[in-house]
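Accompanying notes for the structure given below.
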Amino acid sequence: MSTIQYLFDGFAVALQWHNLLFAFIGVVIGTAVGVLPGIGPMSGVALLIPVTATLTSGMPTDAAAASSIILLAGVYYGAMYGGSTTSILLNTPGESSSVVTALDGYQMAQKGRAGAALSIAAIGSFVAGIIALLGLVLLAKPLSNLALEFGPAEYFSLMLLGLCAVSGLAGKSMTKALMMTVFGLMLGTIGIDAVSGIARFTYDIPVLYGGLEFLTIAVGLFALGEVFKTILERDSGDAPIAKINRILPTKQDLKDSAKPITRGSLLGFFIGVLPGAGATLASFFSYMTEKKISKNPDSFGKGNIAGVAGPESANNAASGGAMIPLLTLGIPGSGTTAILMGALIMYNVQPGPLLFDDHPEIAWGLIASMFIGNLVLLILNMPLVRVFAKIIQTPKKYLLPIIITISFFGVYAVQYTTFDLYLLLACGVLGYLLSKNDYPVAPIVLALVLGPMIENNMRRALTISNGDWSIFVTSPLSLVFLIIAAAWIIVPLILKFTGKKVIVNEEE
Amino acid sequence: MTKSFDKIAGIVFLLISILFISESLKISGSAYGSTIGPKTYPLILGIVLGLLSLRLLYETFKSKSESKEKSTLEIKKFAIIFISAILYIFLLEIIGYVLSTFIFLVVTFQVMERGKIISTIIISAIFAIGVYAMYVQLLGGALPKFSLF
């Protein structure tokens, strides 16, 4: 069957009424998550996993997995969009990839053009989403065919590459990022060893035999960590929200932003495909590019519409691009995709090259639903911008305790033990302490998901080679991956040494 | 703050790595054919983390002390919420989901901001009963029931 055929089958899955509903719920919740300060896309997706698990509990496994991943992915790109709303209206980005949007977006809002900025962000996000999806459709099959050739040694090196890329770009100190990665890998070894069946680091505590649940760790580190931070560090008070007068952009606005949107989308997509370099980096690059190309760079930071259109397209395209390594190689490139992958694994669906052969309805259903979801976002956000702007005003006193309760409910509903709730609280405190002191927490979650797979592939490779470690460098592909992995770590170090400024990817 | 935290973190992670190495050496070796047993991988991780912690300690002691930034933390507020969260977990399976959630929400809402007791009670009740009704009645999930016996 050709790609087109698969895509049509995908639409058949995505257009089932319940999946349409799921995509709709996903993007609405996602937009709300993006708008609300305190919950980013990562905690939003993590919190909704238990809810989707229950919603889909009556369905056959494959259909359930397809439906829930459709909803969760909707949250992911919905949040990417929603983050721009707070940047523009309040000058407080809802998530880190919208930081640059605030530079020009807030200025536009000050000049009474908030509506134009918001709608350009929506249009840019839509175009970017579609471009990223076209890329995904075109690249999915060839890439997964290539990945089918991989043996355990190649996989091991590729995953190592993924981890190095994330650690090399995360946070201010690479030592700290690497420590967090290794710490996450260590947490992943707790439980019964999948190869030999020997219990490791369990100390005869029954709940530890299954290993630490990644959902608990992720929700704790991100959602609770963020809540604790907001409780402890009182904000300086709420800024007034800019008024939205006219929603539709003028023809001149559209003309001015057409090119930035195209450039931002393409740039964002390619940055998104690279592991480690996520939406934040993409939006920064796009902003710098626009400023460089522009005829009057001085107007940036004073309300230039290109400064909104470019970065907003870039961060959405990047979130689409990030789905490629996840779906085709089974390797998440960022914290949020790691959580999506964890969700798929919970349904016993292993993302990777075989996904397109074993579960085409999940892979292509997801891709098709992203087309629909982006359309829904566009239709929804133009008229509903005012409603979402209202969500920002939800008082913190109600919001924070409710987030705590929802995380408790979510974790308890899946795990059904109070042990996980205590672990959740501990992770919340740990998450707050770590991220406050520049220890990035995204690598922990990524490593926790990848850890068992890395170990299995390493041991399988070494079993094939009779314990000869040189198998990782004698296989050409594996060697290439290892060299790139080393470069991710070494190049930033060299740049730092020569005094160049390195852009780091903050948490998404 | 960051620097002293780094020192403590460096030492804690170094201790974790030492513990991890010694514990993984206790795991029995290869069970069959392969020379690579269940202990190899944790052992490598332990060593790498140990080296990284040493590197962090070295970086921390080498760098000049940064200017201290004093920020006021709402320790009291946080402590009350944290302790009520622990009590919430403890009581969850004893007094049931609805009641424990209701109490937790009322307490934390009031800790966040005093006053408006009626709206606090209404919102907490709607949330606790709403989640329970939706999840248990509508979706057929299971949550600890209300029971004092």
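From the backbone N, Cα and C atoms, a Cβ is placed for every residue, glycine too.
As recorded in TrEMBL:
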TRANSMEM  A:20-51  transmembrane segment
DOMAIN    A:20-446  domain 'DUF112'
TRANSMEM  A:63-83  transmembrane segment
TRANSMEM  A:116-140  transmembrane segment
TRANSMEM  A:177-195  transmembrane segment
TRANSMEM  A:207-225  transmembrane segment
TRANSMEM  A:266-287  transmembrane segment
TRANSMEM  A:326-350  transmembrane segment
TRANSMEM  A:362-386  transmembrane segment
TRANSMEM  A:398-419  transmembrane segment
TRANSMEM  A:439-457  transmembrane segment
TRANSMEM  A:469-491  transmembrane segment
Query raised in the report: Hey, would you say the transmembrane segment (A:177-195) packs against the transmembrane segment (A:116-140), going by three or more CB pairs under 8 A that are 6+ residues apart?
Result: no
Next item on the list: Return yes if the transmembrane segment (A:116-140) and the transmembrane segment (A:63-83) have at least 3 CB pairs under 8 Å (sequence gap of 6 or more), otherwise no.
Entry: yes
Averaging the pLDDT values of the domain 'DUF112' (A:20-446) gives 83
Message = When you look at the transmembrane segment (A:439-457) alongside the transmembrane segment (A:207-225), do they share 3+ Cβ pairs under 8 Å, ignoring any pair fewer than 6 residues apart in sequence?
response = yes
Among A:326-350, A:362-386, A:398-419, A:439-457, the stretch with the most Cβ pairs under 8 Å to the transmembrane segment (A:20-51) is A:398-419
Across A:326-350, A:362-386, A:398-419, the most C-beta pairs under 8 Å with the transmembrane segment (A:439-457) come from A:326-350
Per the Cβ filter (under 8 Å) with a sequence gap of at least 6 from its ends, the transmembrane segment (A:398-419) is approached by 36, 38-39, 46-51, 53-54, 207, 213, 215-216, 219-220, 223-224, 227, 230-231
Near the transmembrane segment (A:326-350) in space but 6 or more residues beyond its ends, with Cβ under 8 Å, are 41-42, 45-46, 49, 52-53, 61-62, 64-65, 68-69, 72-73, 76, 136, 139-140, 143-144, 147, 158-159, 162, 165-166, 214-215, 218, 222, 272-279, 319, 356, 359, 362-363, 366, 442, 445-446, 449-450, 453, 507-508
